[in-house]
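First comes the structure, then the notes that go with it.
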Amino acid sequence: MEDTFKIGGRELTSRLFLGTGKFSSNRLIPEAVRASGAQVVTVALRRIDLEYEEENIAAYVPKDCILMPNTSGARNAQEAVRIARLARAAGCGNWVKIEVITDNRYLLPDNYETIKATEILAAEGFVVLPYMSPDLMVAKKLAEAGAAAVMPLGAPIGSNRGLRTKELVRILIDEIPLPIIVDAGLGRPSEAAEAMEMGAAAVLVNTAIATAGDPVAMARAFGLAVKAGRLAYLAGPGETQEYARASSPLTGFLRD
Amino acid sequence: MSFYEVRKEYAGFDFKGFFAGVTVDRVKRALSKSRLTEWDYLALLSPAAEECLEEMARKAHRLTVQHFGRVILLYTPLYLANYCVNRCVYCGFKANNRLERKKLTPAEVEREAGIIAATGLKHILILTGESRRHSPVSYIRECVKILKKYFTSISIEIYPLEESEYAELIAAGVDGLTIYQEVYDEEVYAELHPAGPKRNYRYRLEAPERACRAGMRTVNVGALLGLHDWRTEAFFTGLHASYLQDTFPDVEVSISPPRMRPQLGGFQPRVKVNDKDLVQYMLAFRLYMPRGGITISTRERAELRDHLVRLGATKMSAGSCTAVGGRSGHESTGQFEISDGRSVAEMARMLYDQGYQPVYKDWQMI
Ligand code: SF4
């Protein structure tokens with residue numbers, strides 16, 4: 001049986017989501033999508049230019065992908081809601097990745113405003129995927145508010161620092177019944193594999209692919225790593241031994 | 001505390017002494033940090049740092065690609081009016097220069113907007129001289145109303161306003177403010193601005209703060225290079241940007257390093273700022289504020305701008321014209337001479353050739 005998962009009623013086979021913001025040419029986007037196998041592609045509404053077909057970033061997302069507009073640039077819940085509505089009105093479907101950032105030095109998400117936006121948009125029928133700082137209480141509130149998945153950051157956006165929030169993300173995976181998608185910070189395929197081995201439902205990658213020397217090859221590498229990590233998770237990795245097995249067991253004398 | 005007060009705390013600081021004490025080791029230490037203090041930034045602006053320019057360039061390039069990607073936002077300036085009551089000695093539009101004064105009528109704004117929009121640009125920067133009589137806030141608001149039909153992001157580069165006036169323009173559709181302090185040294189400022197409301201150093205310096213409080217999304221500050229020692233001017237510009245980022249974390253902050261250009265009136269730069277100096281400034285700023293924007297205008301010549309793409313620039317103007325109504329054929333004098341006369345399409349081609357994506361739209365009114 002194929003290993004699939006569901007978000008917003010859609011059955012997905014690829015567990016790699018692709019971001020589009022930093023490519024040196026929009027023309028690389030379809031190639032990177034194909035090489036990575038991604039089915040969900042996120043584009044900032046602020047970049048979507050419906051009037052200029054040749055330079056319209058959204059036009060480069062293959063038609064069989066789910067286009068997930070994001071609310072980059074939103075400074076509060078209200079702005080995120082307005083951006084999401086504009087995106088839907090512009091024909092970008094009803095998926096939305098909520099990004100509310102009130103800090104331009106580190107680009108860390110504002111969890112409080114994100115919860116508010118999620119509540120409003122989920123009630124309006126959007127499939128809401130909020131980007132957040134990993135925090136169990138916040139994730140619970142997002143789930144209650146109607147989020148379709150939760151997207152904790154691995155490290156600050158664009159930092160390529162890897163899965164720095166591992167312990168916190170692990171708790172979300174254990175406790176939250178929604179798909180947990182690690183978003184931001186993953187710099188190498190091995191880090192994406194690590195997130196998948198832990199049980200993340202998917203990962204979202206932008207900077208590491210878009211700014212690689214060969215973005216298309218890197219997209220393929222991430223696609224393979226995500227598959228490998230997922231396979232390892234399903235295979236159930238052997239428990240790591242915390243202590244070396246003692247050569248003469250302490251309980252060896254117990255015989256029944 | 002306003003930036004005026006922050007700036008004051010450095011009054012009497014011995015910059016010469018500081019620079020004399022900077023060693024290459026000190027520069028390298030600053031280079032290896034991920035979060036630089038203002039003193040690290042100042043060390044990178046020092047003469048000693050010139051030896052480390054290539055290392056600085058590599059790190060600056062890496063940081064820029066990491067945070068912004070291989071993309072450059074394109075925009076163009078639109079001069080609405082050249083009436084001015086000030087006498088900034090370095091400006092072609094100063095009140096005592098004899099030139100034809102003009103302001104665009106609504107029909108002319110419409111015409112210029114149409115010409116610019118046809119190039120694909122979605123970001124526009126509108127400019128006026130300082131004349132509350134000829135180009136009052138209400139006039140600017142009317143122009144914004146027209147421009148909204150053509151552009152998704154409108155920035156202003158006009159005389160400093162009150163907070164409520166900024167709010168009024170934001171409500172009308174403005175999302176960005178560019179305002180150069182011109183010169184951060186208060187005494188030199190007084191000499192170069194002999195008459196008019198612009199003499200008020202503090203009112204101008206605090207304008208970005210008022211705009212941020214009013215809800216402006218992006219602010220761009222800068223010193224006009226050539227008026228005073230560039231190293232200290234670059235330092236205060238960076239400090240100003242950093243102050244704004246700390247005080248208004250949700251605002252996108254950027255700087256411009258404009259160099260003086262020939263203008264009507266023929267004022268000569270007081271100090272020379274060569275290409276190497278400009279590059280050192282850009283690199284030092286990038287390392288100090290890895291996510292800060294750097295805007296490069298057509299004041300710089302094409303060949304240099306091509307190189308600056310990889311040295312930290314994030315925004316560039318294209319297809320510029322500094323004369324009022326210049327695009328639709330009205331013959332008049334510009335504020336200064338531009339050096340890079342390439343069209344938007346030519347700029348886009350150059351960027352693609354360098355492996356960069358020209359971005360025409362990076363915001364839309366919401
Ligand atoms: S710089 Fe601005 S304020 Fe000064 S004279 Fe020129 S147009 Fe007027």
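Going from the start of the chain as shown, residues are counted 1 onward.
Keep in mind that glycine also has a Cβ here, set from the backbone N, Cα and C atoms.
Swiss-Prot annotations:
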ACT_SITE  A:LYS97  active site, schiff-base intermediate with DXP
BINDING   A:GLY158, A:ALA184, A:GLY185, A:ASN206, A:THR207  1-deoxy-D-xylulose 5-phosphate binding site
Intrachain C-beta neighbours of A:GLY158 (1-deoxy-D-xylulose 5-phosphate binding site), sequence separation six or more, cut-off 8 angstroms: A:LYS22, A:LEU107, A:ALA184, A:ASN206, A:THR207
Long-range Cβ environment of the residue listed as 'active site, schiff-base intermediate with DXP', under 8 Å and at least 6 residues apart: A:THR42, A:MET68, A:PRO69, A:ASN70, A:THR71, A:LEU129, A:PRO130, A:TYR131, A:MET151
Residues from the recorded positions A:LYS97, A:GLY158, A:ALA184, A:GLY185 that lie close to chain B, Cβ under 8 Å, in sequence order: A:GLY158
Secondary structure of A:ALA184 (1-deoxy-D-xylulose 5-phosphate binding site) (DSSP, helix/strand/coil): coil
Cβ-Cβ neighbours of A:THR207 (1-deoxy-D-xylulose 5-phosphate binding site) (radius 10 Å): 22
A:ALA184 (1-deoxy-D-xylulose 5-phosphate binding site): tally of other CB atoms within 10 A of its CB: 27
Env. residues of 1-deoxy-D-xylulose 5-phosphate site, Cβ within 8 Å of mean position of A:GLY158, A:ALA184, A:GLY185, A:ASN206, A:THR207 Cβ: A:GLY19, A:ALA155, A:PRO156, A:ILE157, A:SER159, A:ASN160, A:ASP183, A:LEU186, A:VAL205, A:ALA208
Cβ neighbour count within 10 Å of A:GLY185 (1-deoxy-D-xylulose 5-phosphate binding site): 25
